Amino acid sequence: MIEHLPVLLVVLPIVGGSVPLVAGLFTDRAGWPIATATMLVHAPLAGWLWWAVWDAGTIEYAVGGYAAPYGIELVVDGLSATVALLVSVVALGLLAYARRAGPRSNTFFSMYLLLVTGLTGMSVTGDVFNLYVFLEITGLAAYGLVASGREASSAVAALKYLIIGTVGASLYLLGVGYLLAGTGTLNMADLAGKLGSTLGYDSTLVLTAFGLMVGGLTVKVALFPLHTWQPDAYANAPDTVSAFISALVSTVSAYALARLLFSVFTVDFLTAVPAARWALLGLASVSIIAGSALAVSQSNVQRMLAYSSVSQFGLVVAGFTIATPVAVVGATIHLVGHAIMKGGLFAATGVIERETGARSVRSYAGMGARSPLAAGSFAVLALAMVGVPPAVGFFGKWYIVVGAVESGLWPVVVVLLASTLLTLAYFARLVERLYFAEPTIREGEEAAVADGGESVSTGMVAVVVTAAVLSIALIAGVPVLDSLLNETLPPLL
Amino acid sequence: MNATLPLQLDLLTTHYNYYAVVVLLGIGLYMLVDSPNLVKKVIGMNVFQTGIFLFFITLAYRSGGNPPIITEGGGPYVSPLPHVLILTAIVVGVSLTAVALALIVRIYSEYGTLDEETLEQLYYD
């Protein structure tokens, strides 16, 4: 059983996801229990896989018994196991939120599990074409989930997301074609060996492939200026979906970008072609600044959080591009921390909107008293995102900055430190309003609530509070993650 | 100058598949960006993807190659791998097109228009 774990993690949700469709012939309420049962099996398996990697190091699995490089290979090292566990835990936790908040149809939960399939597949695959297929599965499920909102604007946002996302994935596929033409292989480990030795890192073919693949993935990660789909998608999707995709889709895409940098092109490529490293660092820096600036100017809280993601992923990509062990650990911590914090923030906005009707920055004034638990968690998560020390947001940034200082990348250090101030600029404004401003919405004159207008359940509040607690408690995981990555990543760095 | 000209002519006459790929990619992207009609955008997306399919199939081609089926005598055969990959990519493309068209149907029934600019005005109101 243990040796089949990587493939089980991918197969389980796709099988589970097809059950609600069949069960839908008999009952409308089958989706949630089936999804929960599937994820309750999935999460311990992901934990077990993580434990196995912690125990025995990198696990390789030949799908269908065809050995790499001819067969498809699944490779799970410390980084992939961590991301797979994150996907599983967040997806399980958000089901508690989805029970009351989400669109509760059977097809919704089918797509939910399909998205888990795509994300898990992306994190465990060791094959560049397989990564493309899972990227598109993730995309398809995400487009469907965004469109599952009741308002028509969610369909417009989903179509925009679909078109931009498809161009991104297609560019990635074109890059895969270049690599295939140059080396005749699709296996990541095999490619890493052949790119340097047979083609040379500075050959036009390798550079073009790098540009196309990284360009395609940065669309999915939503780095500035390729982020335009993100605010619309996050603001128009149902609350469950905003929390889910903001926590995981960009996160796993950023993981895929890291995988591409370390396992396919390798750090030697970044060293041999400084222009590639500077281009990525430049893109990341511009993202950090522009994302923050755009976030400050938003009036809708969910749009503000979406632009905040643009900025935070700039930080993560910068960490991966610096590519020293410290910076990579930092980027991973920030990736995990951001998923918890941003998912929690979106979940909190959903609760606050249901309780008080507030959804713009202006109407958040004084809502700390009306919605104490959600607003309190929102404030904690916001401060964690800024990087106030006891929270996990601090450690990610700290490691990345230390990595940048060690590499002597002073302009990047300046941008990284400035990013904290910029993050403070838009989150402090909200926290101040929540607690110290006169309410602009009075009790009893609530605005109509989207997604069916149902009340807040205990599960929804529990998810928000758990995210806030985790944003502090995860610091206990920092040393664990540090030693795990230092054990399994060195061959790549 | 004269010495290099035949080489360039050679490139022009032997690599026309790749020129077709570039033209298809260009047309597809142009339609995606410029066409105000949502359905035409989706068609552009398909043209763009078809360009990529053609690129992969061109990679597989060997002149005088047989189908990749083991027969007596052997001889050169075309690489089966890109064909298999593209079969997968075509399935992905079809699913994407289906989702996109379903979304367009919903947008049309809600807003009564497929023109992007009109839609943008309605959308931000």
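Quick reminder: no glycine exception, Cβ is built from N, Cα and C everywhere.
Remember, TrEMBL labels are computer predictions, not curated facts.
According to TrEMBL:
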DOMAIN    A:126-423  domain 'NADH:quinone oxidoreductase/Mrp antiporter transmembrane'
TRANSMEM  A:6-27  transmembrane segment
TRANSMEM  A:34-54  transmembrane segment
TRANSMEM  A:74-96  transmembrane segment
TRANSMEM  A:108-125  transmembrane segment
TRANSMEM  A:131-149  transmembrane segment
TRANSMEM  A:205-229  transmembrane segment
TRANSMEM  A:278-297  transmembrane segment
TRANSMEM  A:304-327  transmembrane segment
TRANSMEM  A:333-352  transmembrane segment
TRANSMEM  A:373-396  transmembrane segment
TRANSMEM  A:408-428  transmembrane segment
TRANSMEM  A:460-481  transmembrane segment
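Count of Cβ pairs under 8 Å against the transmembrane segment (A:34-54): among A:6-27, A:108-125, A:205-229, the largest is for A:6-27. Taking residue pairs at least 6 apart in sequence, the transmembrane segment (A:108-125) and the transmembrane segment (A:333-352) share fewer than three C-beta contacts under 8 angstroms. As a quick check, the transmembrane segment (A:6-27) and the transmembrane segment (A:205-229) miss the bar of 3 or more Cβ pairs under 8 A, pairs 6 or more apart, so the two do not touch. Taking Cβ pairs closer than 8 Å, the transmembrane segment (A:304-327) reaches residues 218, 221-224, 227, 230-231, 233-235, 246, 250, 254, 257-258, 261-262, 267, 270, 277, 280-281, 283-292, 294-295, 298, 334-335, 338, 342, 345-346, 349, 361, 385, 396-397, 399-400, 402-404, 406-407, 409, 412, 415-416, 419, 422-423, 426-427, 430, 485-486, 489-490, 493 in its own chain, all 6 or more past its ends. Most Cβ pairs under 8 Å with the transmembrane segment (A:74-96) belong to A:460-481, among the candidate stretches A:131-149, A:205-229, A:278-297, A:408-428, A:460-481.
Same-chain residues lying 6 or more positions outside the transmembrane segment (A:460-481) and placing a CB less than 8 Å from one of its CB atoms are 78, 82, 93-94, 96-97, 100-101, 329, 332-333, 336-337, 340-341, 343-345, 347-348, 350-351, 354, 373-374, 376-378, 380-381, 384, 390-393, 395.
When each of A:131-149, A:278-297, A:373-396 is checked for Cβ pairs under 8 Å to the transmembrane segment (A:408-428), A:278-297 comes out on top.
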